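Undergrad: What Swiss-Prot records for this protein is below:
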BINDING   G116, T117, N118, G119, K120, T121, T122  ATP binding site
Amino acid sequence: MDLKGKKVLLVGLAKTGISTIKHLDKLGASIIVNDIKDENKLRNILDELKSINDIKYILGHHPEDVDDIDMVVVSPGVPLDLPFILKLKNSGKYIIGEVELAFKLSNNPIFIGITGTNGKTTTTSLVGEIFSRAKRDTYVVGNIGNPVIDTIETSSEESVLVTELSSFQLESIDEFRPKVSAILNITEDHLNRHHTMEKYIEAKANIFMNQTVEDFCVLNYDDEIVKSLADKCNAKVIYFSRTKKVNGGVYLENNDIIIDIDDKIKFLNKDDVSLPGGHNLENCMAAIAIAYVCKIDLEVIKDVLMTFKGVEHRQEFVRNLDNVIYVNDSKGTNPDSTIKAIQSYDRPIILIAGGMDKGSNFDELLETAKSYVKSLVLLGETASNIENCAKNKGFNDIHIVKDMEEAVKTSYEISKSGDIVLLSPACASWDMYESFEVRGKDFKDNVNNLK
């Protein structure tokens, strides 16, 4: 892709946007940057981009007339149904995201693409660790926080790019083709962005739309939505399941993880897996399938599964104070993720939940919570919505708080020896925090300040 002298409109000045601008500049593109935030809110970012000469900014509003551009690159947080984006699309402008741009500019590394409503980051990190320990030139990139485009100068055909992909990123691909794709699960999420469940599923399925019979697609057999996508996939499908025996896949049999892709192999007892919970067992089986089809040594895979400590903000142990365990699951940004979190523990749970409203339904979460959760501590935009739903389910011990400091303090005061205080909000963080990472850090800081 030759971008020298081309006019490129970049929409969205987040982390991927900054990296994209720097690479577009190196390639000689003429850059127009648009962000809905104004100059004052973007001051630090603008300072970082001072060295770039051929750049124009349209800030605080979306552009009205940019007909003379050659290409549009959208950051993941930018909806593709914005009026000016639709106008550009209808006029025939080429619109892609950072992942697609990086794919086109790359030196043909091996892409592994991993998506799903939940478990993406853990599985991506797990696969990255497996390939790293196998001495492969490995990059862990994508939605996990490392822009894919930052690898284009250092990666080669021998490199492996383990890429976490959100539905937002998958909306804006065109020719992106991973050697191995994986869809871990699909449950209701981001309907404020995609509007319908069908559109959300369609975005997730984009991960395999360019794959051929020479590629592999790893799918969760236990997830009916995911399983139904197999008929649309041209790649060789490898299933994983913890409830059924699957031919040509990875499954659980008498507490043993079985690999049955070429020959049947009794691989590892599930109790030897270091990560807790049934959902993490599924993540591990997906990682096994990915690594196996890439011909990683089985002993390396086994060693990683037995020692991997997990990822920050994903059911992360914070502290044991007076025999009360504090757990940070700030990445639990939808009800299904929080259901999986509370089902991982056999102690009474004080659940801290609430955040930005994404249009989620909390009925199933609170129905499940009746068997696990003794108290609810609620904050953020959705606090009253969750409270009303909880009362309808018979919850009585509900506490509405104004911020994380009060949430932790209240949880501490009502806790008893043997309890778990679990931050798993079931909501996005953006009503109160810049990111789920900042929210998780605030929780940990407040927990560690308890005397």
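Placement of Cβ uses the backbone N, Cα and C atoms for every residue, glycine included.
What you are looking at is a predicted structure, and each value in this text was computed from that prediction instead of being measured.
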Undergrad: Which residues, in sequence order, are found in the same chain with Cβ within 8 Å of the centroid defined by the Cβ atoms of G116, T117, N118, G119, K120, T121, T122 at the ATP site, excluding those residues themselves?
TA: I114, T123, L184, N185, N283, S337
Undergrad: Can you check which residues sit near G119 (ATP binding site), meaning Cβ under 8 Å from its Cβ, same chain, 6 or more apart in sequence, and list them in order?
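TA: Sequence-distant Cβ neighbours: L184, N185, H279, N280, E282, N283, A286.
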Undergrad: Hey, what's the Cβ neighbour count for T121 (ATP binding site) at 10 Å?
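TA: I get 23 for this one.
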Undergrad: For K120 (ATP binding site), which residues in the same chain are close in space, meaning a Cβ under 8 Å from its Cβ, but six or more apart along the sequence?
TA: I114, N143, I144, E164, L165, S166, L184
Undergrad: Which secondary structure state does DSSP assign to T121 (ATP binding site), in the simple three-class scheme?
TA: helix
